[in-house]
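Taken straight from TrEMBL:
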DOMAIN    27-268  domain 'Orn/DAP/Arg decarboxylase 2 N-terminal'
MOD_RES   Lys52  N6-(pyridoxal phosphate)lysine
BINDING   Gly222, Tyr358  pyridoxal 5'-phosphate binding site
BINDING   Arg300, Tyr304, Glu331, Tyr358  substrate binding site
ACT_SITE  Cys330  active site, proton donor
Amino acid sequence: MSEQLTNEQLVRIAQEFGTPVYIYNADKIEKQYQRLRAAFEGGRVKIFYAAKALTNLSVLRFIHKLGANVDCSSINEVKLALQAGFDPSRVLYTSNGIHFAEIEEALLLGVFVNIDSLYNLQKLGEKYGNRYPVGVRLRPNIMAGGNLKISTGHDRSKFGIPVEQLGQLQDIIRKYGIRIQNLHIHTGSDIKDADIFIKGIDVLFDIIPHFPDLRSIDLGGGFKVAYKDGDPVINIEELSQKVLAAFDAHEAARGLEIWFEPGKFMVSECGYLITSVNLLKETAATTFVSINSGFNHLIRPMFYDAYHRIENLSNPGGAVAPYSVVGNICETDTFAWDRPLPEVREGDLLVFYNAGAYGYEMASTFNSRFRPAEVIVRNGKAQLIRKRDTMEDLIRNQVVVDL
Ligand code: LLP
């Protein structure tokens, strides 16, 4: 099993399938899952892969085969997970802001649902009484995560039931006899500090006695991985040791399962986006490198100011100079400003690292450009798992009318 694809492999795949292309290394996904399993050994911890990071069916099937469970963020993700082979008992649906009809649909499909509003909990009670045990997502009022856009547990966040509304929550539960089997929090993405999870645990442990049907505590995902050399990352061994110790030390928590929902940790580093250089443009301010991509393919640098490492696969030994890597869409889609790169020429292949999580998944057809193809590599063998869009895809659902 190889954790990194070599430059030669990446070039070969780009030549075979064309660019832009997303490439995922399945061996790396397996490695990351094994690391989690090893850190959280003992059977008490369940891993739910956060499918929103990367939902390609072949990836979901592979993660299913590895033995993980899956966490979904929409009814369509639930359906994809079921199609990929997950038994409903291994599917979790952590909903946010959805119409009650979608919760009903998920319950009828047999998956476990975390409800994130008093409104929908009340509806569940009114319509189904205590028929369906569910989880509730709470907002613990903890600031965490790499930047405000990906912080989800603070006291102005839309996510979850604010923990200070515990009284109202209990009223609904009591009124309908709803069995709350899981308490969920997810405080953010890119969390590098294990103690954030302990803060969350402290909030939950204070209220556990109010939930007699509880079976599990779900601490969400958000494990930070490295996007560049020397980047601080979460230490999952330390996280495991601290979390398990906290659960052991708390009488009421001893019998509970512990759930995590990692997305980036599972699939960020497995992914590469390979693009080609269209042209160079010298200006007084910088040298622009325009590639055959844009925020329609990888929006993280523009949306979150996220750093993605870039390499020139075609000229690794070239003289290093600063280049501003930009896309070809009609927006300011700057991937990197004045990034030192080996000499870049027309036609060179540039690779973006850490492109597995929230890469293709957040892609669009803006400017009527095609989304890239997706390729997966297992034991050195590359296979196409999604074709590049075509003109037919762009017009498929359009209804052309004469006006
Ligand atoms: N569980 C829940 C309820 C979540 O909302 C998320 C992410 C996860 C798990 C997985 O988080 P992860 O382990 O991947 O950090 N698009 C952003 C990240 C937003 C994540 C939203 N929720 C990015 O590209 O940085």
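Note: Cβ is positioned from N, Cα and C throughout, glycine not excepted.
The Cβ of Glu331 (substrate binding site) lies under 8 Å from the Cβ of Gly294, Phe295, Phe366, each of which sits 6+ residues away along the same chain. Spatially, by CA atoms, the recorded positions Lys52, Gly222, Tyr358 include one closest to Tyr304 (substrate binding site), and that is Tyr358. The average pLDDT the prediction assigns to the domain 'Orn/DAP/Arg decarboxylase 2 N-terminal' (27-268) is 96. Counting only residues at least six positions away in the same chain, the Cβ atoms of Ala144, Gly145, His186, Thr187, Gly188, Ser189, Asp190, Ile191, Pro262, Lys264 sit under 8 Å from the Cβ of Gly222 (pyridoxal 5'-phosphate binding site). For Lys52 (N6-(pyridoxal phosphate)lysine), the nearest of the recorded positions by C-alpha distance turns out to be Tyr358; the candidates were Arg300, Cys330, Tyr358. When the alpha carbons of Arg300 (substrate binding site) and Tyr358 (pyridoxal 5'-phosphate binding site) are compared, the span between them is 8 angstrom. Secondary structure from DSSP puts the residue listed as 'N6-(pyridoxal phosphate)lysine' in a helix. Residues listed for substrate, Arg300, Tyr304, Glu331, Tyr358, cover a largest CA to CA span of 20 Å. Taking Cβ-Cβ distances under 8 Å and a sequence separation of 6 or more, the neighbours of Tyr358 (pyridoxal 5'-phosphate binding site) in its chain are Lys52, Ala53, Leu54, Gly263, Lys264, Arg300. Under DSSP, Tyr358 (pyridoxal 5'-phosphate binding site) is assigned to coil, being neither helix nor strand in the three-state scheme. Counting every protein chain shown, the number of other Cβ atoms lying within 10 Å of the Cβ of Arg300 (substrate binding site) is 20. For Cys330 (active site, proton donor), the same-chain residues lying six or more positions away in sequence with a CB closer than 8 A to its CB are Asn367. The secondary structure of Glu331 (substrate binding site), as reduced to three states from DSSP, is coil rather than helix or strand.
If you draw a 10 Å sphere around the CB of Tyr304 (substrate binding site), it holds 16 other CB atoms from the protein chains shown.
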